[in-house]
Ligand SMILES: O=c1[nH]c(=O)c2[nH]c(=O)[nH]c2[nH]1
């Protein structure tokens, strides 16, 4: 039996870079968490400890800061492509770069240089590149988009086995924290407008779907994105069912006509799914 090296990658994870742009007296900020993972001719470093092919993760971190200074930070997909292409194009031993970026939003306060963290969802981008001449993919996304429908949600008709106690309902709260990622067909989308439009599709479909299950809502959300945004071809979503249980107020002589709920934080149902167009080119590596 021989023991061999399997798939591997390495890089600097979670470089937190904040870029301030001074526009006269008015400041703008971009606040990112950048994770780089590189792969290529890395047999020797694993098998013998010869580091000749290794671009240190420390240099990768420095590159993130240097590029923020040199090029500024626009849309995160663009910044990710810039970094990924640089690592592969500049280093013969690096064949593939994966750059994942999370962007934290800041809202402007009164005055030209004060901000408050928006506290809402986090915008994400996942870029893979084999260099400027090679295959590339871009997946945009968001996490923690917390939404709630106070009515318009039912759940009934499910399996009843010997352990089922859940009562069927034709009126419940439906709440979730959406994590969604959508794959672009190419690498030339208008990243900012596309992000805003996809986000609206997700929200509109969540609000506009009379839900018979969170699974059905998930599919409608993905479908809305693919219907309206031709630059996308696949949407993956992960949505915890943030259960809201009606509180029994009878012991206190009170009724409860869908007015008082207990918001449980765990356990939660976790509903996950992929929605894609039937012409979506297969790209499993785009999600790695
Ligand atoms: O929308 C739902 N889907 C489920 O699969 C499920 N299971 C459950 O207990 N409640 C719900 N709600």
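Quick reminder: no glycine exception, Cβ is built from N, Cα and C everywhere.
5-hydroxyisourate binds 57, 155, 172, 241 as TrEMBL records it, and from the list 215, 220 the residue named for this site is 215. Ranking the recorded positions 172, 243 by how many other Cβ atoms lie within 10 angstroms of each Cβ puts 243 at the bottom. DSSP gives residue 58 (urate binding site) a helix state.
Only 155, of the recorded positions 12, 58, 155, 172, 243, place a Cβ under 6 Å from an atom of ligand 1. Counting only same-chain residues six or more apart in sequence, the Cβ atoms lying under 8 angstroms from the Cβ of residue 155 (urate binding site) belong to 168, 169, 172, 212, 213.
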